[in-house]
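The next block holds one structure in the form of structure tokens; read it before the comments.
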Amino acid sequence: MLKVLVVDDEMLARDELKYLLERTKEVEIIGEADCVEDALEELMKNKPDIVFLDIQLSDDNGFEIANILKKMKNPPAIVFATAYDQYALQAFEVDALDYILKPFDEERIVQTLKKYKKQKQSQIEMKQEIKGADVTAEMHKLALPIEESIVLVNIEDIVYVGLVDGKVTVKTVRETYVTHDTLVILEKKLPQASFMRVHRSFIANINHITEIQPWFNSTYNLIMKEGSKVPVSRTYAKELKKLLRI
């Protein structure tokens, strides 16, 4: 259940919003407030996931609360729930999750909750990717799922990763592996300081490049230390030149 705080100086508006939120069966109303002072007290006490916040309050406006929330380490999501449409840009500037107008619509509120859950899932996935990349960098090895086992490969020995004959292939100085990982997954696992996508089907270790040969139509071939050729498409040629300062 999502924990929600409702802040509005009009009791009828609070009651309507609470009713619609509770109808979704996805939230728990953990508090309500009609002014900035009470809202901040509820925030510190209950730590909600989402704050539904009116802009015009009896003692100030909702942006005062939003600016305080923005400075918190793990702030709740802010949803402005207001009768005024002219503050949408200002809401964007304080990183509001959403901006909904009175009179409230149940379908619109459901959409807001879906948006929140999607955002949280994206944050979780990003943290997992960063954690995985950090572990890979610390180990200096890449874990490759190969058939029914996992092979640990020295990252510095990887020459390129590419789609060869329809299979995702990892070419090292001594071995060639076919893996169950996708190119997208491998690109996230490999350190960006050494590996660069040079083609929609290839990621190259720039430390293994010995020569760049012009090909046709502004494309290139990379000649790697152990003799492999890796294609560079026009899409990625400019970035490669920039990286290598050529």
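Every residue gets a Cβ built from N, Cα and C, even glycine.
Not measured: the values here are computed from a predicted model.
According to Swiss-Prot:
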DOMAIN    3-117  domain 'Response regulatory'
MOD_RES   Asp54  4-aspartylphosphate
DOMAIN    142-246  domain 'HTH LytTR-type'
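With a 10 A radius on its CB, Asp54 (4-aspartylphosphate) counts 26 other CB atoms from all the protein chains. Residues of the domain 'Response regulatory' (3-117) grouped by DSSP class, helix first, strand second and coil last, total 51 helix, 28 strand, 36 coil. Averaged across the domain 'Response regulatory' (3-117), pLDDT for the predicted model comes to 92.
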